[in-house]
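Feature annotations, courtesy of TrEMBL:
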TRANSMEM  21-40  transmembrane segment
DOMAIN    23-448  domain 'Major facilitator superfamily (MFS) profile'
TRANSMEM  63-84  transmembrane segment
TRANSMEM  91-110  transmembrane segment
TRANSMEM  116-137  transmembrane segment
TRANSMEM  181-202  transmembrane segment
REGION    227-246  region 'Disordered'
TRANSMEM  266-291  transmembrane segment
TRANSMEM  303-325  transmembrane segment
TRANSMEM  332-353  transmembrane segment
TRANSMEM  359-378  transmembrane segment
TRANSMEM  390-412  transmembrane segment
TRANSMEM  424-448  transmembrane segment
REGION    453-542  region 'Disordered'
COMPBIAS  468-478  compositional bias 'Acidic residues'
Amino acid sequence: MGRADPEEGQLPAPVKPPDGGWGWIVLFGCFVITGFSYAFPKAVSVYFKELMKDFHVGYSDTAWISSIMLAMLYGTGPVCSIMVNQFGCRPVMLIGGLLASSGMILASFTTNIIELYLTAGVLTGLGMALNFQPSLIMLGTYFDKRRPLANGLAAAGSPVFLSSLSPLGQVLLEKFGWRGGFLIMGGLLLNCCTCGAVMRPLDAGMKRKMEKARDKYEAKEMLPMGGKSEEGISTTDGTKKAKKAKKKPKKGKKLLDFSIFSNRGFIIYTISKFILVLGLFVPPILLVNYAKDTGVPDTEAAFLLSIIGFIDIFARPACGMVAGLKWVRPHVAYLFSFAMLFNGLTDICSARASNYTGLVIFCVFFGISYGMVGALQFEVLMAIVGSQKFSSAIGLVLLIEAFAVLIGPPSAGRLVDALKNYEVIFYLAGSEVALSALFLAMATYCCLNRGKKTPPPEKNPSAGGGSDTEEADSDVQEAEEHSSDNHQPAHGTDKAMVAANEETNHVEDEQSGEGGRCPEVDGEVSARAGCNADQTVERDSF
């Protein structure tokens, strides 16, 4: 793509991710949203004993509250994608914050467990889903070079909030009861609206600067420059038509882009992620009961989860920093495979841990590997599909993961009830995670890196080097098809641009002569056959 320099009379460049500035505020908002989305369904379990007493239900009945929250978080992915593509990230997040808060507030007035399912489960879960996915999309638009680090820092919100919301919930339960605790928790969820308010669209703040730069360019071209005044007039018309041509594809914007299924890297990622989720959440869910059955006291058994959370806090940002290194980022898919393999082998090796020391060692290594997986999962997806298609991709991936979440942990619980043996569950979960790692690594190497037959807009997505510029090129190619009907005006625009830059005047003269070669404008060379001037105009204006 050509560099746009308004001072030299060129059209302004597209808005690039700033990798800082207001992006740090967006990162903090994403940190908070991620913390609420992943930690809140687990923190609600503090109130389960009181709910069992008041509503005269069993533990499995109250556990459905957390399950419904997670199911809404994952299963409503396509709905969130459609809403984001239609209305934008900020309005969707504001609505999501209101829904999440109102769900917990209404839950404090419920009189039976079914009403809790509908309020705390469905309503709050939907609200958190409408916050989680748009926050990740905005993070991807504000960060490009530092995106691995940004994803790692945002993912650290999960263990930080888990270690703080659970003790807070216990204090609220002791002082105000479960109803007062739900009411205060609902007030805390209003912070999601604040996080949504800071998610300022990246191009909104730059729109005025771009228009000002275009005005300078048009005014400069209208000034008399000898025999070039006529070309300056045609430049204004050609610029307007090129501008309209670029806007045409946006009118037909898809609410949910299913074309990403033609991306082999996305298919490989989706399959491996489905296998991963089948076994990833099983060990931490069964760990406390496993420790109690081996004779560990209740307080020490609960402390095992705190160890995982504490290690996880540092593992995610550290892994994000490693993934952002120049020699690591192009191979981030393989680093993700290593993290999954590490996690699976940790489950398998710790299956026979029979004392508290062995369980502590397992929690340390599980926290490291679990944090690596959490920090890299969305970074790999962004690298595969790019930021333009990420809103649709994450929605479809979360929907597929929802089925795995509903299959994996419940199936493991039934096996424990039937076999009365936790070792088999750890072996099974570890094998599933390790299998997903091997599948991702082998499929990436054999199907993508060896074949080199990925579609042109994707440019080897699984290699981890995907950036916003690749997606912008595909948008430019679509705009070129619309502008090909008006070849003559665009050709006049191309001449005026060349005339505006004194260094390329002789190139224009060669182009207008017989047998002239295709000029190189701002680093972009026209096609060999046909020398289409429209492509040069579109890439420069983009």
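Residue 1 is the first one shown; counting continues down the chain.
Keep in mind that glycine also has a Cβ here, set from the backbone N, Cα and C atoms.
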Within this structure, do the transmembrane segment (424-448) and the transmembrane segment (303-325) have 3 or more Cβ pairs under 8 angstroms, counting pairs 6 or more apart in sequence? no
Residues of the parent chain within Cβ reach of the transmembrane segment (332-353), under 8 Å, 6 or more residues beyond its termini: 148, 272, 276, 279-280, 283, 319, 322-323, 359, 361-362, 365-366, 368-370, 372-373, 376-377, 379-380, 383-384, 422-423, 426-427, 429-438, 440-441, 444, 462-464
Can you give me the average pLDDT across the domain 'Major facilitator superfamily (MFS) profile' (23-448), rounded to a whole number? 82
